[in-house]
Amino acid sequence: MPSIFAYQSSEVDWCESNFQHSELVAEFYNTFSNVTFFIFGPLMMFLMHPYAQKRSCSIYGLCVLFMIIGLFSMYFHMTLSFLGQLLDEISILWLLAGGYSIWMPRCYFPAFLGENRPQFICLVIIATMVSTFLSFLRPTVNAYALNSIAVHILYIVFQEYKKTSNKELRHLIEVSVVLWAFALTSWITDRFLCSLCQQINFSYLHSIWHVLISITFPYGMVTMALVDARYEMPNQTLKVRYWPQDTWPVGLPYVEISDNHKNC
């Protein structure tokens, strides 16, 4: 039985040819496409600082987890090791758990919890710990399980889209869903249509997934911040801004918020 640290000890292998560009890096483009996580993570931590000061300092933790995902993903694709796979997938799981804990609207909590967020957070932590343990049992299905969580997130987003008349929120939801759909299409194509990709000499769709999903993260974060504000911050105004300039056709979204009565 190969060591969990060993190169190619994972049962998961993506479409890109292994060790084509380096003897040390198994999947070159899949490895270095994760650099976007280290760009957008610190930027969102900086841009969302005023919001985090007023809503929750846990926002910083999400940004750190986002960068950790990029680091572990680089390690996994560089080695294709079993340890790298688990670290990559478990970090994604805990990022999703953090997002649920902070931003899940109380109206979607299980009925037996009422609208008690501390109890909901405890439930999320317990479920995440159990899921972390289960990820060791059938590691080949972990990625599919993680992507299936998107179904529930999409349901919530769709419900909030129907409720709101806020043009900024509706626009963010639309962009987030389109980005996620393109990202998921790249992931599925690389996973299930690899032979076709190899025939046309384009085996890099998983690296495109990395770039697209890292761009989706800021849009998803700001989307959930606006959704959360409708329930948790009804007397405060959130304004969507874009970095580096609001007038640019493409930018990184963040929020500005009035008042300042909660500090870390």
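Heads up, the Cβ atoms here are built off N, Cα and C, so glycines get one too.
These figures come from a predicted structure and were not determined experimentally.
The Ca(2+) binding site annotation in TrEMBL covers ASP13, TRP14, GLU16, ASN18, GLU27. Remark: GLU16 (Ca(2+) binding site) has GLU27, PHE28, TYR29, ASN30, SER203, TYR204, HIS206, SER207 as non-local neighbours, by Cβ distance under 8 Å and separation of at least 6 in sequence.
Shown in sequence order, TRP14, VAL25, ALA26, GLU27, ASN30, THR31, ASN34, GLY84 are the residues of the chain, 6+ apart in sequence, with a C-beta less than 8 angstroms from the C-beta of HIS77 (Zn(2+) binding site). Here TrEMBL flags HIS77, HIS206, HIS210 as Zn(2+) binding site.
Sequence-remote contacts of a segment are chain residues at least 6 beyond its ends whose Cβ falls under 8 Å from one of its Cβ atoms, and for the transmembrane segment (28-47) they are 14, 16, 20-22, 59-60, 63-64, 66-67, 69-71, 73-74, 77-78, 204, 206-208, 210-211, 214-215, 217-218, 221, 243, 252, 254. What TrEMBL records for 28-47 (among others) is transmembrane segment.
Sequence annotations record features per position, and here TrEMBL assigns transmembrane segment to 59-78 (among others).
If one looks beyond the transmembrane segment (90-108) by at least 6 residues along the same chain, the residues whose Cβ comes under 8 Å of a Cβ in the stretch are 56, 58-59, 61-62, 65-66, 68-69, 72, 115, 117, 120-121, 124-125, 127-128, 131-132, 135, 146, 149, 156, 160, 220-221, 224-225, 227-228, 230-231. Annotation source TrEMBL lists transmembrane segment at 90-108 (among others).
If one looks beyond the transmembrane segment (120-137) by at least 6 residues along the same chain, the residues whose Cβ comes under 8 Å of a Cβ in the stretch are 86, 89-90, 93-94, 97, 100-101, 104, 106, 109-110, 113, 145. Residues annotated as transmembrane segment in TrEMBL: 120-137 (among others).
Residues 12, 89, 92-93, 96, 104-105, 108, 131, 173, 176-177, 180, 184, 187, 223, 227 of the same chain lie 6+ residues outside the transmembrane segment (143-159) yet bring a C-beta within less than 8 angstroms of a C-beta in it. Annotation source TrEMBL lists transmembrane segment at 143-159 (among others).
The transmembrane segment feature in TrEMBL is assigned to 171-188 (among others).
Long-range neighbours of the transmembrane segment (208-227) within the same chain, counting only residues 6 or more positions beyond its ends whose Cβ lies under 8 Å from a Cβ of the stretch, are 30, 33-34, 36-37, 40, 43-44, 48, 51, 55, 59, 62, 66, 70, 73, 99, 102-103, 105, 156-157, 160, 166, 168-169, 172-173, 175-176, 179-180, 182-184, 186-187, 190, 238, 240, 252-255. Annotation source TrEMBL lists transmembrane segment at 208-227 (among others).
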For the transmembrane segment (171-188), distant same-chain residues with Cβ under 8 A (at least six beyond the ends): 147, 150, 154, 157, 160-161, 205-206, 208-209, 212-213, 215-216, 219-220, 222-223, 226, 240, 253
Listed in sequence order, residues not in ASP13, TRP14, GLU16, ASN18, GLU27 with Cβ within 8 Å of the centre of the Ca(2+) site Cβ atoms: CYS15, SER17, ALA26, ASN30, HIS77, LEU80, SER203, HIS206
Residues satisfying Cβ distance under 8 Å from ASN18 (Ca(2+) binding site), sequence separation of at least 6: GLN8, ALA26, GLU27, LEU80
